[in-house]
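A.B. asks: Submitted below is the structure of interest, expressed as structure tokens.
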Amino acid sequence: MEGSGEMGEIGREAHHGGVVQSGSETDEHKDGQFRVQPRWRKFLAHVGPGALVAIGFLDPSNLETDMQAGADFKYELLWVILVGMIFALLIQTLAANLGVKTGRHLAELCREEYPRYVNICLWIIAELAVISDDIPEVLGTAFAFNILLKIPVWAGVILTVFSTLLLLGVQRFGARKLEFIIAAFMFTMAACFFGELSYLRPSAREVVKGMFVPSLRGKGAAANAIALFGAIITPYNLFLHSALVLSRKTPRSDKSIRAACRYFLIECSLAFIVAFLINVSVVVVAGSICNVNNLSPADANTCSDLTLQSTPLLLRNVLGRSSSVVYAVALLASGQSTTISCTFAGQVIMQGFLNMKMKNWVRNLITRVIAIAPSLIVSIVSGPSGAGKLIILSSMILSFELPFALIPLLKFCNSSKKVGPLKESIYTVVIAWILSFALIVVNTYFLVWTYVDWLVHNNLPKYANALVSVVVFALMAAYLVAVVYLTFRKDTVATYVPVPERAQAQAEAGRAPVVDASAADEDQPAPYRKELADASM
């Protein structure tokens, strides 16, 4: 992205029924070129948004939850990663399709559809999701500084402010180059885990069983499963993906729109397969090393409370003494790359819900300072162990916040008022709703179970327990009421405009009249966001 304020320009384009009006000969010439391009060139033109979203699956929160799940339960929770990745691919594809079909991203559609007070609540929840996801990036970067510079974790937390501002300054030389460099570091880390995997040679039968036979045995298995799921599926990615696809130009015919959706699906699938394999390798490596019979007492103690700081233990067989440095550099790149995604997503969310614009460095600084507060307190009071638990907690929070982005997405994708005849397949919608409902039920059950367990074992006075119970159950009731409201509220605002009306609007705008409405639709350029073009690789 060139310049710090380009993201703030989102929404300035003139829309008519979800389509940006453009009558220049240059645009029409480009659209004609697009239609005669070979399919492989069309596909390459759509590469980028899915890859940027998939990078989020390799962030510090994913690494932390993957390693802890492997160390505690070996391969038993691999099925959670498989289900999570399939679900993530499904809903991220729906988010991309929504942007392509409507010419608006999810936050803009929410602003147009819901009352202002609902939009304010959805905006606050979405911002909390961005902050919750930024906490692991802060701690991951702090652990990297701790390993590289031998400074305390709390000092590394403070340094994350300056590292982020420096990174955003470097972006002025080209975001795509920076993203490629970061991706190279991250795939270097992936190569290390794949190399360690080939050295360990785990039992293929046990790995396959853990991937395809669901199991939640042992204390803390449910908490780890929810944390794994929350680390994979993040609410802000839904807003981000629906916005990034607007950086690609696609003619407005139904045929071209469906083709673009297929290209985005293929690109997203390839990126997610790579991310899935990397996450599986992390779990398997942690499970193989931490569950052997001849583990030394020191390593057994490390595995019992595995954190991002102690992860170099898992790479010693491949990298030897250099494992710490290589891992720290990769961890630093991981945290900073997701920071870029969080910044873009935060800008999209703010613009979409509130129609407000803010410079990138200001936006990032505010988010980072808010995320630093709990990270700094926990790292000072509890040290690296507490910081690791905070990463898992933030992932669980993301899982609870997901319905407030997911439900509007599912409703808009199947709404005639939003996408007209381009609604998703009924099978896709049914599967997505079933998985979403299952997630909400699991989250509610886990919240109740966790609270009851805490209530039984705490030492607070009875009046304090009663007061806390009132607050907790009031929040749970509000959570369920909000989910029910979003689920059953009917859409009232129509943004889809049929082809004949587009042609009429085109004529009223002063363009040459077109007899064939389908031809007018074919010539209409896609909603194109110049400021989003540099956000994807």
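Residue 1 is the first one shown; counting continues down the chain.
Note: Cβ is positioned from N, Cα and C throughout, glycine not excepted.
The region 'Disordered' feature in TrEMBL is assigned to 1-32, 507-537. Annotated transmembrane segment per TrEMBL: 40-58, 78-96, 117-135, 147-168, 180-200, 220-240, 261-289, 325-345, 365-384, 390-413, 425-446, 466-488, in sequence order. Look at TrEMBL and you will find 528-537 tagged as compositional bias 'Basic and acidic residues'.
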A.B. asks: Same-chain Cβ contacts of the transmembrane segment (78-96) under 8 Å, 6 or more residues past its ends?
C.D. replies: 49-50, 53, 57, 66, 69, 106, 207, 210-215, 225, 228-229, 232-233, 237-239, 241-242, 244-245, 261, 264-265, 268-269, 272, 275-276, 279-280, 283-284, 406, 409-410, 413, 424, 428, 431-432, 435
A.B. asks: Ranking 261-289, 325-345, 390-413, 425-446, 466-488 by Cβ pairs under 8 Å to the transmembrane segment (220-240), which is first?
C.D. replies: 390-413
A.B. asks: Which range wins on Cβ pairs under 8 Å with the transmembrane segment (466-488): 117-135, 325-345, 390-413, 425-446?
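C.D. replies: The stretch with the most close Cβ contacts to the transmembrane segment (466-488) is 390-413.
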A.B. asks: Return the stretch with the most CB pairs under 8 A relative to the transmembrane segment (117-135), choosing among 261-289, 325-345, 390-413.
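C.D. replies: So the stretch in question is 390-413.
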